[in-house]
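> To start, I am sharing the structure in question, which I have written as structure tokens.
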Protein chains: 4
Amino acid sequence: MDKLILGEKEFNSRLFTGTGKFSDKSLIKPMLEMSKSEMITLALRRVDFDMPQENILNYIPKNVTLLPNTSGAKTAEEAVKIARIARTVGCGNFIKIEIINDMKYLFPDNEETIKATKILAKEGFIVLPYMMPDLIAAKRLEDAGAAAIMPLGSPIGSNKGLQTKYMIEILIENCKLPIIIDAGIGRPSHAAKAMEMGAAAVLVNSAIACSENPIKMGKAFSLAVQAGREAYLAKLAEEKKYAEASSPLTGFLFEE
Amino acid sequence: MDKLILGEKEFNSRLFTGTGKFSDKSLIKPMLEMSKSEMITLALRRVDFDMPQENILNYIPKNVTLLPNTSGAKTAEEAVKIARIARTVGCGNFIKIEIINDMKYLFPDNEETIKATKILAKEGFIVLPYMMPDLIAAKRLEDAGAAAIMPLGSPIGSNKGLQTKYMIEILIENCKLPIIIDAGIGRPSHAAKAMEMGAAAVLVNSAIACSENPIKMGKAFSLAVQAGREAYLAKLAEEKKYAEASSPLTGFLFEE
Amino acid sequence: MDKLILGEKEFNSRLFTGTGKFSDKSLIKPMLEMSKSEMITLALRRVDFDMPQENILNYIPKNVTLLPNTSGAKTAEEAVKIARIARTVGCGNFIKIEIINDMKYLFPDNEETIKATKILAKEGFIVLPYMMPDLIAAKRLEDAGAAAIMPLGSPIGSNKGLQTKYMIEILIENCKLPIIIDAGIGRPSHAAKAMEMGAAAVLVNSAIACSENPIKMGKAFSLAVQAGREAYLAKLAEEKKYAEASSPLTGFLFEE
Amino acid sequence: MDKLILGEKEFNSRLFTGTGKFSDKSLIKPMLEMSKSEMITLALRRVDFDMPQENILNYIPKNVTLLPNTSGAKTAEEAVKIARIARTVGCGNFIKIEIINDMKYLFPDNEETIKATKILAKEGFIVLPYMMPDLIAAKRLEDAGAAAIMPLGSPIGSNKGLQTKYMIEILIENCKLPIIIDAGIGRPSHAAKAMEMGAAAVLVNSAIACSENPIKMGKAFSLAVQAGREAYLAKLAEEKKYAEASSPLTGFLFEE
């Protein structure tokens, strides 16, 4: 069977989702069911320990793996702190590093991200760093002990799809780690394309959560991810310059 | 329920398939099952009446609608002849007009196609004309009585996807008839994109039939078509120039 | 020398311009000087015979060839009438056929355009038909006696560039006549790209005339057309998948 | 007049060229004359002090500014060494930092590049760093004292143009320093497009040097850079969804 393995854990679904942006948290559960997503990211700040009834964790079924992220961190040091707290409060070993110093595009800071990855991987975390697609930085993240690389397609929440397609293809061709496309995926066709290119998974948050119908959209992305993956495994046809007839054209009707 | 209606017939699936290019005809049936396609095109020349055991019709389940095509026709007159024979021999009322005078790209001849559409629509056929995307010609096909318009994405068998995207979007926005993308779709992401744009259906032939694994690929296209359709119905998000945070970013961790 | 020949006339410049859309007609002359354009299109309706001082012809230097167009025509018949009048009133033998039945995109009507071309070519006109890029229609225009083919890049005045690039490349590869890109070119880079692809010329109207500075923009397009043409003649380099060092990289500094 | 100013030096031309890849060094001088380029990059290793007659400097006219590069450097330390030697041997104050740890795509190492920029800017060099387009890294290069930022369009020598267009537009919009596109530009239309986007200059090396006719191609790029710059200054027209008539269309010929 075609499973994604991260940190010894197996995933049947290659669609990761997010909790951010849901106006109504009660939609998270049915969205997870329809999308079959088995991994969901959440900002640690959303985990409200004082008001347990508001705690985002109440809305996530037990079979779904938590991927706490370090959003709000501007340095490796801050990201490391958040990661440790996340583990302490029971969010598990997975951590998505998000270190952001740019408030307009929310672009990740590759240099600080590499530092944080090194520290957290040594501490036994399964580290998934969000990064600006850059082969040199990706190689350093591999050396630093990341479990996968999460390059962005375009800015978070922009729905602009794979603007960085060229660089992502290079990461997929040249990295040993799974490549998980993390931001900017706004349409199922973007997700299908990422999977056809050989991405190991995609993370889709606002395109689902901000949709008029997050449950329907969760299903749409789930189908698209499967479609792209199946096509990748079955091998895509080459493009051809000229036409190739599907039907016989060499004579009219029953003539030879 | 979201059904496609053509000539009073209802279709649950918006993926049309083809019989051409299957090296092993026994794959057609399981491909149809996996892809859930309910409409399949076939060249009349493939219907071999003298050797019934070779007859392509034997390989197509009864619940799947036949879409005989006029491949081999170079003029309206020839296309009309083929269509009439197809109906006579029991292939039904549906006809896909293919009039081709260019052997390199297999581009359709819009002028002759309009003529044939006029004649066949009057004779009660449900006419689906394969055409070069051109708004003026599409309007004439509407006036001529077509049941849907089938513009090409790129040459038959080229797998080049929606090279004519700009013109197809204009057809979708300005035509009353369903727009069915007919040629060049080589990847599930192409199909998803077409459906997201508002296409009523897509016809995929060689990308499935020539695949190493036509059954798996049939399923991949089926999922992609559903994904694109669901997303179209649930309404796609707008692209944004700048990022929109999924997670709270205004302070570090539990600070305000 | 690299000259464009149309109807026995030689042109040094491969940039055609237009008179439409100039808010101030006195800019036409300096624009022609700066752009070095030697062919300019004009709507016959602009030629005001009753008010000679308003006549657009007064603004066009004698060395620039007139390309009257049939704008306003909806049928071949109307286009033919306009062409004949244009010749009668002294606008010369060149005629640009524009037959338009769509007021939203101003797309040309290929079928009527082919008819008008046939008639006018027989009458000795040098016929340049504006057309929707379509190989079959282009071949018919060749047979009908056109002197060049003028496919659109995108709608008139839209500045959307070569949205029909794929089809135009096919026309260039497969037609014997010169291909002149006629509409939608909004930026010098569009014009350069068209020329690099092997277009014989480009016609740029509103991108120059509606610019804040038509004279400066006329020069910009002139440079771009020359740049693209020179590169086409000097042969463009192939794209390469991997990098090729410009500088020696095999060792540090003076080491071997 | 529209001049580019770098380190108090004024340049009339916004086309930078390179010495690498010329099979025949005697072509450099006429190429510089035809392209009007006033800045040329050279690898320090090419400066052969023992065989003065082979020295690349002999082929470069005095009025052209030298831009020695640090090619061959894999670390900031090595780049700094090369830069110092370049100044010592009389190549001037300009230095293009190239620190490359990837031999397949020759991608620059942003982290090391930032370090080298900091050191060399303090030593009074006019530093032009070659970099992977990344807004965070660009801001650090600004802080480090760079005189301009040189993001790549695509890999050196690949002729793939502006694959990183999306990220380069963001650099242009958000950086105070001039943005000079450095690698991958293979066609004049690529150069024109970069200039239309607001790039301050482009560096073109192999597309000129490896051309069948480097002198003609040097001229083509020169024209394209001017075309793009003129259009940028004259302001480009907006794209429009629908057509805008250039000629009057409201009635046939002389009717009202």
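Numbers run from 1 along the shown chain.
Backbone N, Cα and C atoms are what each Cβ position is placed from, and that goes for glycine too.
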> Which of B:GLY124, B:GLY145, B:GLY157, B:GLY228 does TrEMBL put in the same 1-deoxy-D-xylulose 5-phosphate site as B:ALA183, B:GLY184, B:ASN205, B:SER206?
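The one candidate that TrEMBL places in that 1-deoxy-D-xylulose 5-phosphate site: B:GLY157.
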> Against chain A, with Cβ pairs under 8 Å, which of the recorded positions B:LYS96, B:GLY184, B:ASN205, B:SER206 show up? Give them in sequence order, please.
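Listed recorded positions meeting the cut-off: B:ASN205, B:SER206.
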> What's the longest C-alpha separation between any two of B:GLY157, B:ALA183, B:GLY184, B:ASN205, B:SER206, the listed 1-deoxy-D-xylulose 5-phosphate-binding residues, in angstrom?
9
> Does DSSP give B:SER206 (1-deoxy-D-xylulose 5-phosphate binding site) helix, strand or coil?
helix
> Let me know the DSSP-derived helix, strand or coil state of B:LYS96 (active site, schiff-base intermediate with DXP), please.
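For B:LYS96 (active site, schiff-base intermediate with DXP) - judged by DSSP and reduced to three states - the answer is strand.
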> Work through the binding-site residues one by one (B:GLY157, B:ASN205, B:SER206) and name whichever has its CA nearest to the CA of B:LYS96 (active site, schiff-base intermediate with DXP).
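Spatially nearest to B:LYS96 (active site, schiff-base intermediate with DXP) by Cα position is B:ASN205.
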> Around the C-beta of B:ASN205 (1-deoxy-D-xylulose 5-phosphate binding site), how many further C-beta atoms are within 10 angstroms, looking at every protein chain?
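Around the Cβ of B:ASN205 (1-deoxy-D-xylulose 5-phosphate binding site), 23 other Cβ atoms lie within 10 Å.
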